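Feature annotations, courtesy of TrEMBL:
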type: DOMAIN; residues: 1-474; note: domain 'Amino acid permease/ SLC12A'
type: TRANSMEM; residues: 12-35; note: transmembrane segment
type: TRANSMEM; residues: 56-77; note: transmembrane segment
type: TRANSMEM; residues: 110-131; note: transmembrane segment
type: TRANSMEM; residues: 136-155; note: transmembrane segment
type: TRANSMEM; residues: 203-223; note: transmembrane segment
type: TRANSMEM; residues: 244-267; note: transmembrane segment
type: TRANSMEM; residues: 287-312; note: transmembrane segment
type: TRANSMEM; residues: 333-350; note: transmembrane segment
type: TRANSMEM; residues: 356-380; note: transmembrane segment
type: TRANSMEM; residues: 392-412; note: transmembrane segment
type: DOMAIN; residues: 485-573; note: domain 'SLC12A transporter C-terminal'
């Protein structure tokens, strides 16, 4: 009567259609989720949390709990309104007459609400079985009342209904008319005629009437809320919910038409209890109204308690809800019922039914939207285990349900909708950072997998361009305890590219009962989380380290995301230090180092890798067209101190783009030198290294026009958009050492090999320089002050003759001895671009 009195028949039917469209789409989603596995207590909360994860589930669970709590208060207030309407002392009279004996005031109505709520509490405390019996009894009563009302529209003769309403000056009297079936009455009631709601004194509108009406449709979750108490929830919820929705939709539309055809607008707007006046048996209507509202109040109260119990049992809010876990001997969550009752009692202080209607409606719409979102996410994730037996839904119905809920939420009350979404966001963030991890499975992971697979297929390596090149790192780690700072450093070098931590386990799977790498995987992933590096982990079994690195270079990555750069620690005789225990990630948080890693190798223990095999790994990577970085003494790099110290000048990065082991080849613009420049620039672009300054060293000899070389290099840096300070370094004395000890005149076979830049042809540069020369070059690099945070040096190719591998490694060791954190770089691919 309230709806059709204010909105008219057309708008009332439109409201029912919109409301039931939203509800229908949501019911399809509920049925799909309910038939996709075993359901437990919590209804919609259980469905959402197991589909979308604990953050969404917990936050929506709280919202749904509040929706049911407010809904219960709403129905109790409605029942109080009906009781006062029947038995209250009329306004303006001091004493009641006949059955009108109940005083009317805010406090008295609060008292009546408290008593009625206590009755609901008693039923819910007894348990779900007595609630189910009480609900079935109420259903029979309401069905009987509904039958008499439908008969009354036809059997009752036209009559005048006197209406007495409270007014500023006492009471206001008016007359409403029941005309029987009349075309004029129907015509008058077709359009809208919004007036003042006599219970609140507020002017009604489409949104405020829809908010009140929608509360009569929110019972669709009543069955799913009882999921933990049903014998076969997957069978009962779809059948019960769909039949209830269809039945109530037909009844509401039929009642709306009959009211519009028989009752004038004054009666509909100013007497919400007019059905008693026109009934053939008025007391039965009163009983029906009481039974229906009492049933709805109990349904929401028991639903709220089951949601609270499920939230408490899942431990999402820790000790805050610990009390709600307690149950009776029969399994009834009595403490959750009592806590829910207390919250409903607090809401009763709002006093008027229509005051909280918009808040309740907003909460319910938000929950329905999330149920649709959960089903949509499951459908879009295309997980093989999502195969509900209920198939009458698609992603379109889910999307329509979400859109309908969101639109109606803001139409009803933009303020309530915005506040609800803000509250939901706060709960999401709180649960994301504070709640423990769950074992329910995260739909976000399934959706990410689905999207990543799609985009990886779209990432075509044939469309790669040097403009968009980025380093994709494979860092080989023997034991993370001795490589923590190196792992951190390479994370800064990757420039949003792929980063893989590789590890080779020297074992034979034929001799083992199971894969030994699986138990280690969690320790490595925990390490990645603690060090806060964006890296993947790739572990392999191999008979030798060299074979293992080959495997990882061949197989790491997927599609267009494969490592293009191999990073190795330096091969020397220094005793490894446990940098993991001193890493800020563990020292500041006072956390234990992951126990899955063995202790570091003792200095007297032989290495797992020979010098020849180490150089062979470098040669293999270059044959496979991978760039190579060798990092020495990176564990001594205290990045936090180097980059945050307030001393002036700022820390520097020294770059030596020339091959210091080949003084007869003074080029600084070959592929390798440009790659070295690019890596230094990439490091400088990292957030932690932006304060550092690049210093580029140009080795010059007398009589070679150094200023012309400097200008040429400066132009190159300008073209490459690299900001660096160029420093000329005279090295005549050092090159003189080389020519004194060099065997064979310039232009001999060795130089011819250098001129050829084929991939397979390795220059035998180790035969061309003496240890004395290399030590002098080392001293030259070391003397450049101030001492940098890190140095980048040119890494020559390994010699073609494998017997020279130890000598090659020896010369690299001499060149970098005592330099501090140093990265030797050899690039095989073009990585710089001067194009737009």
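Residue numbering: from 1, along the chain as shown.
Note: Cβ is positioned from N, Cα and C throughout, glycine not excepted.
In TrEMBL, annotation is done automatically, which means it is predicted and not curated.
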The transmembrane segment (203-223) in contact with the transmembrane segment (56-77), cutoff 8 A, at least 3 CB pairs, sep 6+: yes
The transmembrane segment (244-267) touching the transmembrane segment (287-312) per 3+ Cβ pairs under 8 Å rule: no
DSSP-assigned states of the domain 'SLC12A transporter C-terminal' (485-573) in counts, ordered helix, strand, coil: 37 helix, 22 strand, 30 coil
Distant-in-sequence neighbours of the transmembrane segment (356-380), which means Cβ under 8 A and at least six residues beyond its ends: 22-23, 25-26, 28-30, 32-33, 36, 44, 47-48, 51-52, 56, 60, 63-64, 66-67, 70-71, 73-74, 77, 207-208, 210-212, 214-215, 218, 221, 347, 350, 386, 393-395, 398-399, 401-402, 405-406, 408-409, 412-413, 416-417, 420-421, 424, 443, 446-447, 450
Winner by Cβ pairs under 8 Å against the transmembrane segment (110-131), considering only 12-35, 56-77, 244-267, 333-350, 392-412: 333-350
Model confidence over the domain 'SLC12A transporter C-terminal' (485-573), averaged pLDDT: 89
